[in-house]
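Peer 1: Have a look at this one.
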Amino acid sequence: MAPLAYKEATSIKDDEKLEASKVDVEDVEEDQLPTTQADFIEDPTIDQTYLNASKSTKFFRGTLFQMIMFGALSFVGPAMSDAITNLGGGGLSTPYLANLATSLQYAMSCAMTLFGGPIINKIGIKWSCIIAAIAFPLAGSGYYVSAKFKVDWFLLFSRVVGGITSGFLYVGETTAMLSYPHVHERGKYLGIWSAMRNSGSVIGGAINFSNNSKASSAGGIAWSTYLIFIAFECTGIFWAVLLSKTKKVRRSDGSRVPYSKDITWKGEFLALWKHAQNKRTWLVFMPAFYSFFYGGVYGTYLSLHFSVRARALSSLIIPTAVIPMVMAYGSMLDNKRWSQKKRGWIAFAMWAIPQAACLIWTGIEYGKFATEGKVAYDYRIHGKRWAEAYLPYFIIFTTGYWTQLSIYWILGTFSTDVKSSSRTGGLFRAFETLGQAISYGINANTGNKKIPLYVLCAVFALTLPCMTFLIRLIPEKPAENDDVVDGQVVIAKEQMEQATS
């Protein structure tokens, strides 16, 4: 009996030691979590403290609230800027100064977003959004000063500064869109974010239309319109402060967002360089370049050929139509009945086919403009002719949001790691803003407006094969680490092992 008792006592002590050696994951600092072979933090456990917290705390730290805050930032920032842009030429009497200012803005954003991944990984998504929100009011104030006081240099200055700071928001929100939601929820959250952004444009469009509904001729909008935009833009800092730091964000099931271990500045830029060399980065270049390239071409089209109130009405009906469209599109992207690749093909067809038709349609309209002379089409005066000329603009702008959402969704299928997403997202937004800068740049003169349309058609033609090859790369399940950097490390180690064996 004695040996048996001794054995049982020893077993009890071993169990106690084992139990005492366990450490609750909540007691471990975020930077002390175990790492993988490539120094990546992967915490597959569920945060029980979060699940047991109050409803308000869970909502505040949850993915849904973060997406709402990003939507609110887009509502009072980019959406207000879009509402001004959607007037054609920023609402000024001619589009050329506004196109030059917008081109400078996107050129600065391109330079910022190109290196945005390492910067956002160091300062965090929340602080990047705060920096962007501080400069939101520059958008409306630049146009106000130009319209009322004819001080054009301030418009150009405000767009340069705004372009730099908006780059922080572009990379920050893109990173969150690609990494915060679960894979099966990404379409829904992309739809929510895009719908909120367009809700801001709806309000902006309503402001435009109410202030300019009596102007049936060509020209500039009432300068007091810009003051209302400025008031909305000033609230941006409030929404940015309410964002949670990425390490505190939790998904709906309590899981943490995959988050790579902090590395040095040199390591960040080396990781960015590896992403820049990756095949899918260059496949996404042309689709990203094209995704908003139409803005400069069709913004000039609207400004030159439609009345002030027709342009104001356009800034209202475009976002109103986009809201249900992006919500339905997001639901389609989350449809589990189809494989991810099949969803990618369906999404591609939904925007590529109508946009191809619109490009042909617009070419026909330019031929008619040449015979009709200079006419500012108005929905009350010209009726059917206005609708005929306006429909290609309407279709290209509404399906344009589908273009960008599908690229977001495809990029999110490769990795959900935050730092990987910031590198991928930064390069994507750099390519996108480069396209916008060139688009508005070639429309900043009084030359032949058919030439920018021909350029747009060529970019679209190059986009089609790139999207085809990109969709073929879509995996069935995203990695939870930086699959580009980590994958190269693993391959290198395997090659070394083979060489030494």
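Backbone N, Cα and C define each Cβ position, glycine as well.
Remember, TrEMBL labels are computer predictions, not curated facts.
Not my notes, these are from TrEMBL:
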type	residues	note
TRANSMEM	59-76	transmembrane segment
TRANSMEM	96-115	transmembrane segment
TRANSMEM	127-147	transmembrane segment
TRANSMEM	153-171	transmembrane segment
TRANSMEM	192-209	transmembrane segment
TRANSMEM	221-242	transmembrane segment
TRANSMEM	282-301	transmembrane segment
TRANSMEM	313-333	transmembrane segment
TRANSMEM	345-364	transmembrane segment
TRANSMEM	390-411	transmembrane segment
TRANSMEM	453-474	transmembrane segment
Peer 1: With Cβ-Cβ distances below 8 Å as the criterion, list the same-chain residues six or more beyond the ends of the transmembrane segment (127-147) that contact it, or say none.
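Peer 2: The answer is 70, 73, 76-77, 80-81, 84, 90-92, 97-98, 101, 119-120, 154-159, 161-162, 165-169, 171-173, 220-221, 223, 226-227, 229-230, 233-234, 236-237, 239-241, 243.
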Peer 1: Relative to the transmembrane segment (221-242), which of 59-76, 153-171, 192-209, 390-411, 453-474 accounts for the most Cβ pairs at distances under 8 Å?
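Peer 2: Between the stretches 59-76, 153-171, 192-209, 390-411, 453-474, 59-76 has the largest tally.
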Peer 1: Of the listed stretches 59-76, 282-301, 345-364, 390-411, 453-474, which one has the most C-beta pairs under 8 A with the transmembrane segment (313-333)?
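Peer 2: It is 390-411 that shares the most Cβ pairs under 8 Å with the transmembrane segment (313-333).
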Peer 1: Give the nonlocal contacts of the transmembrane segment (453-474) in its own chain as ranges (CB under 8 Å, at least six residues past its ends).
Peer 2: 279-280, 283-287, 289-290, 293-294, 297, 340-341, 344-345, 348, 352, 355-356, 359, 362-363, 366, 410, 413-414, 435, 439, 442
Peer 1: When you scan the chain for residues with a C-beta under 8 Å from the transmembrane segment (192-209), skipping those not six or more beyond its ends, what do you find?
Peer 2: 64, 67-68, 70-72, 74-76, 78-80, 82-84, 86-87, 91, 173, 177, 221, 225, 228-229, 232, 309, 311-320, 322-323, 326-327, 330, 401, 405
Peer 1: Where else in the chain does the transmembrane segment (153-171) make close Cβ contacts, counting only residues six or more beyond its ends and a cut-off under 8 Å?
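Peer 2: Residues 73, 77-78, 81, 97-98, 100-102, 104-113, 116-117, 119-120, 128-129, 131-136, 138-139, 141-143, 145-146, 422, 425-426, 429, 433.
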Peer 1: Give residue numbers and ranges for long-range contacts of the transmembrane segment (390-411): same chain, 6 or more residues beyond its ends, CB-CB under 8 A.
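Peer 2: Residues 86, 174, 177-178, 186-187, 190-191, 194, 198, 284, 287-288, 290-292, 294-295, 298, 301-302, 306, 310, 314, 317-318, 321-322, 325-326, 329-330, 333, 343-344, 347-348, 350-351, 354-355, 357-359, 361-362, 365, 377, 379, 421, 424-425, 428, 432, 470-471, 474 contact the transmembrane segment (390-411) from elsewhere in the chain.
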